[in-house]
Amino acid sequence: LDPCFPRVALTRHRSLRKLLRDRGQLSHFWKAHRLDMVQYSEDCSAFAEANEPLITYLDMEYFGQISIGNPPQNFTVVFDTGSSNLWVPSVYCVSKACAEHAKFQPSRSSTYQAIGTPFSIQYGTGSLTGVIGSDQVVVEGLIVSNQQFAESVSEPGKAFLDAEFDGILGLAYPALAVDGVTPVFDNMMAQNLVELPMFSVYMSTNPESSLGGELLFGGFDPSHFSGNLNWVPVTQQGYWQIQLDNIQLGGTVTFCANGCQAIVDTGTSLITGPTKDIKELQSYLGATPVDGEYAVECSNLNVMPDVTFTINGLPYTLNAQAYTLREQSDGVAFCISGFQGMDIAPPTGPLWILGDVFIRQFYSVFDRGNNRVGLAPAVP
């Protein structure tokens, strides 16, 4: 592989969930947003039209750097395969959340063009609103010209207040883009900035390592995976949506027996599924509700069952070490289940979301040229 491939280093930070837990505010946060994961209401109307449920950002740990404008203004963003817009806070933002983050100043950029279309994304906890502007966006040396992006002027509640990222760069299909804005990667392809019409994501399993992972534009890096890539067709070009053949627990088909749909989403930390399936799964795993999360005994990991997602005929198996998060709070180690219930309403859902818990184990290649996702066991 050409060493000159643009590689965005992803750094791993403490998630907002851990921050809130350490402050003793986690269950209060869930309840305030009526999002107590355990008493999750079955219909959960807050998420019915949610383009990108905010819950996914609570755990977001993998960020990278981009710049917008000339001279460049730098931002830390989540590279999110579950949405398609780029947004950053505007210098005109009135929300408290913006005060703590880098803000875009249009007047300081010689290449900025005002577009002025109003912009709004609905999150579970409120909407993010702003206006569309256009400027050059630089991602790891790739200069994308005339990229439309949203400058947010109000951000919902506490949600983004403590977040360590400024904005979000969406990498899903154009169909998901609010206001019909052309996504960053589509412009990269159109402007011939990438060698191949694909990008790939590696996430490190080592929580101590500051290089949390890597996002590679224009190809993939075989040193990050073993064996061959299993190419899985995208079933619907909005999210990176694929077919799951079934989900097995300890080798027995337990969920999704007749097949179901899933999305591969870097913007979701955990693995989510329909609430009733996840409740059943947690009880199989012996996970118990604590503070709006599900906890398991760390000492039981070696006897807990494997969870296997069968995709395109091949098994993708997560052992208990892989699907639990081991964390410290007040010097005590405890283990959290990496599964979470989330009901995505039809016509989009129901969907399983294969988030970072899955991607850490399986290197993922997002191929727009052939509308397929390549998966292979990641090399730690």
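We count from 1, first residue shown onward.
Yeah, the Cβs are placed from backbone N, Cα and C, and that goes for glycine too.
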Recorded disulfide counterpart of CYS260 (TrEMBL; options CYS256, CYS298): CYS256
Residue among recorded positions ASP80, CYS93, CYS98, CYS256 with Cα closest to the Cα of ASP265 (active site): ASP80
The one of ASP80, ASP265 whose CB sees the fewest other CB atoms within 10 Å, among these active-site residues: ASP80
Among CYS98, CYS256, CYS260 [disulfide-bonded residues], residue with fewest other Cβ within 10 Å: CYS260
Candidates ASP80, CYS93, CYS98 (recorded positions) - the one closest to CYS260 (disulfide bond) by CA: ASP80
